[in-house]
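Colleague: What follows is a single structure, and I will ask about it in a moment.
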Amino acid sequence: MNIFQKLDEKETIFKTKEYLDHRFIPETLPHRNEQIESIAKYWVEALNNITPPDITLYGKTGTGKTSATLYAKKQLEEIASERNLNIRIEYLRCTDFNTEYQILAQLCQKLGKPVPFRGWTKAEVVNTFRSLFTKNVLGKDMILIVILDEIDVVLKNDGDSILYTLTRTDNVAITSISNYVDFKKFIKPKVKSSLRDREIVFPPYNAAQLQDILKERSQLSFKEGVISSGVLSYCAALAAKEEGDARYALDLLKTSGEIADEIGASEVNRNFVEEAKDRIEHNKIYDVIVTLPIQQQRVLETIKDLTEKKKEITSGKLYESYQKLAKSDAVSYRRLFDFVNELEMLGLISTNTISRGRGRGRTNIITLQCDTDLIDKALQFKT
Ligand SMILES: Nc1ncnc2c1ncn2[C@@H]1O[C@H](COP(=O)(O)OP(=O)(O)OP(=O)(O)O)[C@@H](O)[C@H]1O
């Protein structure tokens, strides 16, 4: 039998997995009405040919920022098309377009003025972008709303000049999305003053809200009777602990279903959810470690070695052992602590400052926060 046919015919508890995919935008977004209405309240100006104010959406990962924005986008596009208005809304993820040049080139491309993705000067791209806003023969202006998702990525990578250009182009409104409340530290005061954005906050979902979200999606995705309300509430409770992340809740549900399929079970139980949790956590940490820059991997490896030797890891001890491992490639003491901070932000380690008693100053103690085996596995193929 053809192996694909065999797999295709395998018994499954899923109706379809499509609705558990991160990219799927549901018809309704429970518990996000307030935020969607806030976005709409600002964007509605465009219907009267007024450029909407710039807005910024904040909230932790999986709190529905992207979905709510795309939902509002679709609605505005519908009404703009009914009324024959020249309103364009372009969505860009700044992990895909992470420089001013790339963002402007992509916008020009989308708006019908192709610009090569490299080779032109920045001034040429800026001018071409601005030329899109000259009135057309009917004297009609285009209003453009640019959604910059994960805006912190472009600000860190390329500075704030994209905001400078966009805020200084008539008829352009920026909607920025960020997971980090403090992303504005990357914006210079001059640009900040022209941004003058309104802020919309996306709080984490609580367990009851996550359960509502999961209920709708599980009805679409699983065959009848496969998912009990106990399983849904368990996924919701675990995800509520993980900072109210709906993406995580959906991942838990999907992975639990896949585990049930793997062993041929006819329904999902809480043990599968437990196993799904471990699998997701494991994969997440593994991916983070594998994609770390090599210098940071060395620091992590040093911390792992010291942990295995049951040593207390002070800053001095870490630097000493790190130098032995990295040899001539070793970075400065200061740089090493930038890496330590970054590893801490990723949740791979934690640091704790303790006082050694009067007159003996304070010491930084570093503790590993992930499995040593996982680090070994992730680093085994490194060069
Ligand atoms: N209120 C909701 N109702 C239904 N599904 C939701 C809701 N909020 C989020 N989701 C789902 O959770 C997942 C993550 O949502 P989304 O991408 O909008 O979050 P985000 O805040 O933009 O996250 P990130 O910052 O990590 O990109 C998506 O699959 C989305 O469909």
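Heads up, the Cβ atoms here are built off N, Cα and C, so glycines get one too.
What TrEMBL records for Thr63, Gly64, Lys65, Thr66, Ser67, Tyr205, Arg217 is ATP binding site. Residues or ranges marked as domain 'Cdc6 C-terminal' by TrEMBL: 299-379.
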Colleague: Tell me, by DSSP, whether Thr63 (ATP binding site) is helix, strand or coil?
Modeller: coil
Colleague: What is the three-state DSSP composition of the domain 'Cdc6 C-terminal' (299-379), stated as helix, strand and coil residue counts?
Modeller: 46 helix, 16 strand, 19 coil
Colleague: Cβ atoms within 10 Å, counted per site: which of Thr63, Thr66, Ser67 has the most, among these binding-site residues?
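Modeller: Selected residue: Thr63.
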Colleague: Among Thr63, Gly64, Lys65, Thr66, Ser67, Tyr205, Arg217, listed as contacts of ATP, what is the widest Cα spread in Å, to the nearest whole number?
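Modeller: Spelled out: the longest distance between any two Cα atoms in Thr63, Gly64, Lys65, Thr66, Ser67, Tyr205, Arg217 is 18 Å.
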Colleague: Quick one: average pLDDT across the domain 'Cdc6 C-terminal' (299-379), no decimals.
Modeller: 90
Colleague: I'd like to know which of the binding-site residues listed (Thr63, Gly64, Tyr205, Arg217) lie near ligand 1, counting only a CB under 6 Å away.
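Modeller: The qualifying binding-site residues are Thr63, Gly64.
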Colleague: Counting all other Cβ atoms within 10 Å across every protein chain shown, which of the binding-site residues Lys65, Arg217 scores highest?
Modeller: Lys65
Colleague: Using DSSP with the three-state reduction, classify Arg217 (ATP binding site) as helix, strand or coil.
Modeller: helix
